[in-house]
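> Just passing along the structure, written as structure tokens.
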Ligand SMILES: NC(=O)C1=CN([C@@H]2O[C@H](COP(=O)(O)OP(=O)(O)OC[C@H]3O[C@@H](n4cnc5c(N)ncnc54)[C@H](O)[C@@H]3O)[C@@H](O)[C@H]2O)[C@H](O)CC1
Ligand SMILES: [K+]
């Protein structure tokens, strides 16, 4: 799903209005009715609602939502935060409709209003600002939002949590509506996925309001929101008449004394993601552990008891995955160098392998094209250097990926896969993934798809997607904090 900018969305609005021969008010009504359906599903039963409405079209949405909730028997009150002298055309239509057709109490708030008397119902709907916010919130609006954020209420933002900027980064310490749910129209917005105010979004639900698809398809965007529809576009169905040779042979190289679980998780995750065969190059101390923990994997003992060492292989791996538990000793550096130079296919480098790369940048020249690096944020900083703000970080990631022709999987609350100036933002996963071994499992999953003839970019996008999907499956019946990397692996079979 393309991630569009506010100006692209405005253009799509206009095009749709002209080509579907509808009025802007009808488009607003369509959007608002769709939002009401989502609100009903979230609330499950009517609850008293306070609608905070602005005087622009986001406010117009809010007034339409108030009207339709009232028609459904909800107890609704409306607070209009009149931050412009005039209502937008469509907002005014909805304002007049409320006055004419309902008994709803509509209170107009301006900068001279007394905020102390303000109370909220158990559900607060934020329709104050949407994609049109272009400067700091008026002070009186800030005060109302701050009070709403402290109220004992369920908070639902319409289109964008008010106070969040979309066309630039929101200044630190800004007041932003802290939504439990954000119901956003047509596509998510890039700033939703940046850590600065990412927690203000709550659960994001995208509402397709029928903007003209042919127009949207022609729009350029560097950002793709990866959902199931996107995955279905390249996911391969297996054929009955196939054999394990069709699904590749992965070499996993890593582990050291006391950290054998890392490669065990990687090997298991690779097997649970469909690779044909896995061989682990393991320190001698880990051979028995691996034979017990992952009987489906073959094991080659390193020449060293406690660490991996360069090793002549008696088979040609389809792809190599290296780094987890590798350590950063001289021998580890030698091993990484050896396998980077041995591999003619894209190689996946994770964990200590990345830290070694950061300290031996000469190795980048030897990386096969479209190799995959899977750093968490600390490892990313060591790879690409410190960044200023989040936009600077995005630029640095794109530049790094282009400079070395590699796929960069930046693991975070929303994992960004970066290649060829495109950024693929994953839609699955949850906070439970912030747990030991989660990255080892991801490395195995992505490597597994590499061996199954997905392109390195597809392998990365698909691997990140099902890694998060497995975590989401687990947390449908378990808490996020109880999630372990083994749970992710055990749930992989539930993902596609
Ligand atoms: N295709 C869609 O996504 C549709 C979206 N709809 C809704 O329309 C809003 C966007 O409406 P717009 O009037 O452009 O902007 P806002 O309502 O977000 O802002 C109101 C207005 O206020 C002015 N303004 C901006 N910043 C400030 C400020 N800090 N202080 C005072 N005034 C400010 C500016 O002029 C804005 O225009 C979108 O989010 C959806 O909710 C349609 O309903 C359906 C199609
Ligand atoms: K809003």
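Cβ coordinates are placed from backbone N, Cα and C, and glycine is handled just like the others.
Note that the structure is a prediction, hence the values are computed from the model and not measured.
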> 58, 162 bind K(+) according to TrEMBL; which of 90, 126, 180, 196 goes with them?
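Answer, per TrEMBL (K(+) site with 58, 162), from 90, 126, 180, 196: 126.
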> Kindly point out which candidate in 388, 437, 439 is recorded by TrEMBL as part of the AMP site with 411, 412, 413, 414, 415.
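Answer, per TrEMBL (AMP site with 411, 412, 413, 414, 415), from 388, 437, 439: 439.
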> Tell me which of the binding-site residues 61, 126, 159, 412 sits in the most Cβ-dense spot, judged by other Cβ atoms within 10 Å.
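Result of the Cβ crowding comparison: 126.
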> Would you mind pulling the DSSP three-state label for residue 413 (AMP binding site)?
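Reduced to three states, the DSSP call for residue 413 (AMP binding site) is coil.
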> Nearest to residue 414 (AMP binding site) in three-dimensional space, by Cα, is which of the binding-site residues 61, 135, 159, 162?
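The smallest Cα gap between residue 414 (AMP binding site) and any of the binding-site residues is with 159.
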> Check each residue in the chain of residue 439 (AMP binding site) that is at least six apart in sequence and keep those whose C-beta is under 8 Å from its C-beta; list them in sequence order.
324, 350, 351, 374, 376, 411
> Those binding-site residues, 58, 59, 126, 162: which ones have a Cβ sitting under 6 Å from ligand 2?
58, 126, 162
> Taking DSSP as the reference, which of helix, strand or coil describes residue 159 ((6S)-NADPHX binding site)?
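DSSP assigns residue 159 ((6S)-NADPHX binding site) to coil.
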